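Here is what Swiss-Prot records for this protein:
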- Cys76, His79, Cys148: Zn(2+) binding site (BINDING)
Amino acid sequence: MPNQEKMEKAIYQFLEALGENPDREGLKDTPKRVAKMYIEMFSGLNQDPKEQFTAVFSENHEEVVIVKDIPFYSMCEHHLVPFYGKAHIAYLPNDGRVTGLSKLARAVEVASKRPQLQERLTAQVAQALEDALAPKGIFVMIEAEHMCMTMRGIKKPGSKTITTVARGLYKDDRYERQEILSLIQKG
């Protein structure tokens, strides 16, 4: 569980280390605001993305299910600055086992609300889906802009990083994987 008081003290000291006066008018409530913001932004730390799949149904559906353009934001664990973008999730049900569509978005939400790497985020979403449904195939694609590349260092705003995880049929069958990519890329 996050310790808000400890976070506030650390942020206060950080402002002092910058040469700022944390007690001045514009900054006096900043340690509290920043601590509350980080508690919200890292609220996925004590949650398991797999636990978001609370609704699993047996349906007579054996074709692909795709939810795309799921917006998310996360925090780069290397610099503690945001990266944000869209997640696309596809799965091929096994024995008609499907989940509520919002559960896919909830899994992305939980996995992204922690200090994170995009590669790990992609894998965690795929693993949660695999654990919950054991589908015949899984394909997760995440496209994101990283503020650590936009605001600092190389300073390349607008550049996107794309990560994918393919499992089951979508890993083993190149044709099936290409079909999923085509469906995701359609407007």
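Glycine residues also receive a Cβ, built from the backbone N, Cα and C atoms like all the rest.
Within 10 Å of the Cβ of His79 (Zn(2+) binding site) there are 16 other Cβ atoms, across all protein chains. Mapped onto three states, the DSSP output places His79 (Zn(2+) binding site) in coil. In sequence order, Cys76, His78, His79, Val81, Phe83 are the residues of the chain that are 6 or more apart from Cys148 (Zn(2+) binding site) and have a CB within less than 8 Å of its CB.
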